[in-house]
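Okay, so here's the structure we're looking at.
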Ligand SMILES: CC(=O)SCCNC(=O)CCNC(=O)[C@H](O)C(C)(C)COP(=O)(O)OP(=O)(O)OC[C@H]1O[C@@H](n2cnc3c(N)ncnc32)[C@H](O)[C@@H]1OP(=O)(O)O
Ligand SMILES: N[C@@H](CCO)C(=O)O
């Protein structure tokens, strides 16, 4: 495929630092996993920083092996001639701290004990993730970022970048984001947590990696997965179809939607660590752009760049109203802001499933970003 970035590899940068976290605790040394696509130009000003969601990773495009069944998670966006055109832009994606996908997280070794942190890992905020990412940006000698673009938790990171490093950010594109996590989203994460805590294999986070609380984690992910879909997408995908494998009157027979949740919950256990899932859920719950500011207005007034916002009509997790709340405040502050409500049936995950709906607007926006911050 000539619009693919092709074979790529994840790189790792080590930082001998102790990062002061929002909680006051220190974390370090740190490793940040990242991938890069395209070439950094001589002026080092063609950088697009792609920020990932809850269970994403640094592998945003291309494949690690010719035999890979699927490419990186935003492969439809990154590559020669695509919206993040790697003939033009240097696209960078790093894994957040707290994750289990190469950056320092609860599965990493705690230098104080020589054993994995597990629940000794400190609670994080999205702001801490961005502060750690900044170490990588500095390490690569980048002083100006053309745009930070991300969906869901990636949107939160984009906002944090613009507020805390306004001098180096030329634009942000928060997609399916929120300015503060709603009580309903926290409630769903609370159910996910209880599913894990009630699994006897959980052992207060001290499970052996080869024996994770698989039932609890699969159920927790299924709760999350429901919130990433929508009523409309479930009707489209499954309707009321009963699994062809089951008899309709078998007591344990399942609807197709149940099979789907079983499959995706079970799959998740093979690719994600339980403690990381919990730490990132906590960071999502704690998210409030106004944290440690006197008001939302004070926080957003620090934003010094154009911003482009997308929300999806069927997103009931981070609803369009939540994006609108931030956009309204930015408008009140006379900041350059552009907001588009995209018609999509695919719920919160529309940013992964139907990017073609917002790509043309994004493409025009990126071309018009001013050359200096
Ligand atoms: C955002 C980031 O930063 S990265 C994180 C993104 N990744 C995830 O969220 C991982 C979970 N994956 C997903 O939710 C989806 O695959 C998405 C959102 C990425 C893409 O959505 P879609 O293209 O609509 O995929 P869909 O939901 O139809 O299929 C997901 C899986 O369920 C399977 N599936 C579909 N229908 C059924 C069914 N009736 N019964 C059982 N399994 C089913 C699919 O075969 C697919 O399996 P695979 O992952 O092994 O290929
Ligand atoms: N489905 C995506 C988005 C969730 O916010 C993920 O799991 O990361």
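Even glycines carry a Cβ here, placed using N, Cα and C.
Bear in mind that TrEMBL entries carry predicted annotations, made automatically and left uncurated.
What TrEMBL records for 47-355 is domain 'AB hydrolase-1'. Per TrEMBL, the feature active site, nucleophile maps to 152. Here TrEMBL flags 221, 349 as substrate binding site. TrEMBL lists 315, 348 with the feature active site.
On the structure: features taken from TrEMBL.
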{"residue": "152", "record": "active site, nucleophile", "CB count, 10 Å": "27"}
{"residue": "221", "record": "substrate binding site", "CB count, 10 Å": "24"}
{"residue": "315", "record": "active site", "CB count, 10 Å": "28"}
{"residue": "348", "record": "active site", "CB count, 10 Å": "25"}
{"residue": "349", "record": "substrate binding site", "CB count, 10 Å": "23"}
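Screening the recorded positions 221, 315, 348 for a C-beta under 6 A from any atom of ligand 1 leaves none. Nearest by CA distance to residue 315 (active site), out of the recorded positions 221, 348, 349, is 348. Residues from the recorded positions list (152, 221, 315, 349) with a C-beta closer than 6 Å to any atom of ligand 2: 152, 349. Mapped onto three states, the DSSP output places residue 152 (active site, nucleophile) in coil. Recorded residues the residue listed as 'active site, nucleophile' and residue 348 (active site) have their alpha carbons 8 Å apart, per Cα-Cα distance. Taken together, the residues in the domain 'AB hydrolase-1' (47-355) have a mean pLDDT of 97 on the 0 to 100 scale. Residue 315 (active site) falls within neither a helix nor a strand when secondary structure is assigned with DSSP, and so counts as coil.
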